[in-house]
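So the structure is just underneath, and the comments pick up after that.
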Amino acid sequence: MAFASSVTRVDFVNIQQHGALLHANRHRFPNFSSLNLRKLERKIRAGSQITNARRVVEPEVDINDPEWKKHFQEDFDKRFNLPHLKNILDIKPRLTTFSLKSRRPIDEDNGAKNEDWNGYVDDDDRALLKVIKFASPTSAGAEYIDPDCSWVEQWVHRAGPRKQIYFEPREVKAAIVTCGGLCPGLNDVIRQIVLTLEIYGVKNIVGIPYGYHGFTDPLLSEVPLSCQAVQNINLAGGSFLGVSRGSPTTSDIVDSIQAKGIDMLFVLGGDGTHAGALAIHNECCKRKLKVSVVGVPKTIDNDVLLMDKTFGFDTAVEEAQRAINSAYIEARSAYHGIGVVKLMGRSSGFIAMHASLSSGQIDICLIPEVPFKLEGPNGVLKHLEYLIKTKGNAVICVAEGAGQEYLTKSNAKDASGNVVLSDIGVHIQHQIKRYFKGAGIPSDVKYIDPTYMIRACRANASDAILCTVLGQNAVHGAFAGFSGITTGICNTHFVYFPITEVIASTRRVDSNSRMWHRCLTSTGQPDFD
């Protein structure tokens, strides 16, 4: 047998427990890449009381099978094949109403007739998921399948408009919902989804207010959306539709979808929200409803698996520069000044790493993926003392999820089921003051937490472009008949993924990656072990 099983399904909690254990002991498994181990981790976001959502474990490879590569590719193709409405319904396509040549919906019964316009994407188009061929498992950032680092092509579906669509635009009712916390770019995505729907010819577009709760709360009504209504919403931060965490049951949501007559649902949110979208998709399939559920991944933490980046991340890194620069000025202007900046990143330290790299002002960067000691000859505090004696000042950047083992664990959870983290920034500030006081060295410590300032601002130019393309491709995917998918950027190409794959685990900083090595080179910090 090439695989122990093609698809193994397990509960969220079991995966979360065992995944964390495997990640902590990943170096004991030389025949598995860090990616394969991370894919066994499951992150439970769901305060989502959404039911029936399960995550998929990547099968193990039997490299003793002479045809293992063939079996691996067959299994990969099966897992990454996009769910389609025609798999559960007897539906026929029609020619698309989308053509930039007309600049308006095509009214002809047969749809687009511009045969000379090559603006459509073929269903057979693919983009490579992995573009680096490793020569050795010891190479920095190696994500290999077998000990010989065999090259296995992994192709994913390219996003974009198709020549054939599976909905009659004039009959479509489309809905948009934003869930979870705020993120720069939400309004940009909402706006672009509405504009693209109207280009197809959709007239009935609504927003579901305040996340999944808007489906069932009798006090909340649909928000009518149109080109005029959303024209300038991208000029402000936040969400035009509002956000919330948690949700009603899947059954109640789908009951509401049926009652409202929704044909397309666009869900903007992180991995917990996508788990909810997957559950909604599965329930719609079970009821044989012609409803396309398409996700747009949203998280400033940049921790969604398989994607180059998610919208809001670039803006978060840019806005973090203000806090870091303020901490640097405070530290430089004081006698033995020390600035501490805490940035978002519950389980992934991408914001802290990239902000540290881009600022050039950080001396110590602490992230959840890399354990560190505060005390001892190789600890953070001892290195900080060295910096004060040699430089006269220092700046520390710490991700909110780093060093939680030093803090009293809280049993409290937010509405999404996330454990409420203790404040590592405040803890480090107190420990620095204690340490330097005990050493008889004067210090002036300033602590800055810009969390809500960062996530509430409007998207910068880079994120605005990303949001624009993601919004357009979400609509293209829905009209193409796909459901249970999400859209993102992979190796600079925009693609579609089955939701099952992007929620398989949390994307994390690889401590052996070249990017983390670059950060260490920039800060000059040693290993704090």
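The backbone N, Cα and C atoms fix where each Cβ goes, and this holds for glycine too.
Among the features that TrEMBL reports, domain 'Phosphofructokinase' is placed at 174-476. The feature ATP binding site is assigned by TrEMBL to Gly181, Arg245, Gly246, Gly270, Asp271, Gly272, Thr273. Taken from TrEMBL, the feature Mg(2+) binding site applies to Asp271. Taken from TrEMBL, the feature site 'Important for substrate specificity' covers Gly272. Feature annotation from TrEMBL assigns substrate binding site to Thr299, Ile300, Asp301, Met344, Gly345, Arg346, Glu400, Tyr452, Met453, Ile454, Arg455. Taken from TrEMBL, the feature active site, proton acceptor covers Asp301.
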List the residues of the same chain that sit at least 6 positions away from Gly345 (substrate binding site) in sequence and have their Cβ under 8 Å from its Cβ, in sequence order, or write 'none'. Asp301, Asp303, Ile351, Ala352, Ile367, Pro368, Ala399, Glu400, Gly401, Ala402
Neighbour count check, CB within 10 A, over binding-site residues Gly181, Gly246, Gly270; minimum at Gly246
About how far apart, in whole Å, are the alpha carbons (Cα) of Thr299 (substrate binding site) and Gly270 (ATP binding site)? 6
Whole-number mean pLDDT, the domain 'Phosphofructokinase' (174-476), equals 94
Binding-site residues considered: Arg245, Asp271, Gly272, Thr299, Asp301; fewest surrounding Cβ atoms within 10 Å belongs to Arg245
Just jot down the residues in the same chain as Arg455 (substrate binding site), at least 6 apart in sequence, with C-beta under 8 A of its C-beta; none if empty. Gly181, Leu182, Cys183, Pro184, Ile300, Gly312, Ala316, Met344
One of the binding-site residues Arg245, Gly246, Gly272, Thr273 has its Cα closest to the Cα of Met453 (substrate binding site), namely Arg245
Per residue, counting other C-beta atoms within 10 angstroms of the C-beta, which of the binding-site residues Thr273, Glu400, Met453 reaches the highest number? Thr273
Given the substrate binding site residues Thr299, Ile300, Asp301, Met344, Gly345, Arg346, Glu400, Tyr452, Met453, Ile454, Arg455 in the record, what is the largest Cα to Cα distance, rounded to whole Å? 17
